[in-house]
Amino acid sequence: PLAPGEAIAAPSGGFERDPQESSTTDEELSRAGRSTTPDYGERRLPQALIIGVKKGGTRALLEAIRAHPDVRAVGAEPHFFDRNYEKGLQWYRSVMPKTLEGQLTMEKTPSYFVTNEAPKRIHSMAKDTKLIVVVRNPVTRAISDYTQTLSKKPEIPTFEVLAFKNRTLGLIDASWSAIRIGIYALHLENWLQYFPLSQIHFVSGERLITDPAGEMAKVQDFLGLKRIVTEKHFYFNKTKGFPCLKKPEDSSAPRCLGKSKGRTHPKIDPDVIHRLRKFYKPFNVMFYQMIGQDFQWEQEEGDQ
């Protein structure tokens, strides 16, 4: 139960910056640009951005789309439209990899989706920019977010303590970023003031694991690319529990995401899961209606 408008009103100061999300340094960015950049071509501003969401599967998506020969993407997160905007478009262009005519330049920074100023800033760079959002069951996403913070700050309170304003009354604390990021309908409203739905593609974080080739086919179609990244590029790693990338013609070991991915989630009180599901349900339904797509998160029982 929430007081009317309590969950939906954005805090005046914008979103709190997660302390564990340290900004990428200029040096790391230029290094990332160099490592994927041939000595020919030119640096261009990105035509497509992966704008969210944190802990949704954006890294897996970026790595998969980078396997496409017509895509060049920055490995590190530039955080231009949220933290580095004052550095200007020249700086932003300078951290992009070089591309040839016809190649697509991309970057991913998942915090853009929840940054109030980002839609307007991206629109003023190029109003035809294509946007990709990887979404995931908001309950699982919140737990994953907490798990990441916990791995870096073992002293933080339990998930249950942080999730509630008042545990007895069952009041969810919607100002905690781990909860707030998952109110997708709220954030999307902000983007739809500047971009039509036809320019925003939503990827299912769940299906990116169970059917990576299927999700990648839709992403490539959206970006106007030939379907080159297919099931031949994926190999399911049973230990990690998610697919790893391989080059179809290459016999070397598949490339898996780092050890920070696929962490074991802490055991969460089932009552808390139940209350969170109830909290998110109306927002999920609103989100499905806004985008004309149903992710069926309400049908899922295996949230942990």
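Indices start at 1 and increase along the chain as displayed.
Just so it is clear, glycine is given a Cβ too, placed from its N, Cα and C backbone atoms.
Annotated region 'Disordered' per TrEMBL: 1-43, in sequence order.
Look at TrEMBL and you will find 46-281 tagged as domain 'Sulfotransferase'.
The Cβ of K55 (active site, for sulfotransferase activity) has P110, R136, R141, S144, D145, Q148 as same-chain neighbours under 8 Å, each 6 or more residues away in sequence. The annotation active site, for sulfotransferase activity is assigned in TrEMBL to K55.
As annotated by TrEMBL, 3'-phosphoadenylyl sulfate binding site applies to K55, G56, G57, T58, R59, R136, S144, K261, G262, R263, T264, H265.
Annotation comment: TrEMBL describes C244-C256 as disulfide bond. The Cβ of C256 (disulfide bond) has 19 neighbouring Cβ atoms from other residues within 10 Å, across all protein chains displayed.
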Among all protein chains shown, how many Cβ atoms are found within 10 Å of the Cβ of S144 (3'-phosphoadenylyl sulfate binding site), not counting that one?
21
Averaged across the domain 'Sulfotransferase' (46-281), what pLDDT does the model get? Just tell me the whole number, please.
94
May I ask which residues of the same chain, at least 6 positions away in sequence, place their Cβ under 8 angstroms from the Cβ of G57 (3'-phosphoadenylyl sulfate binding site)?
V134, R136, V203, G205, L208, I209
Integer Cα-Cα distance in angstrom, C244 (disulfide bond) to R59 (3'-phosphoadenylyl sulfate binding site):
12
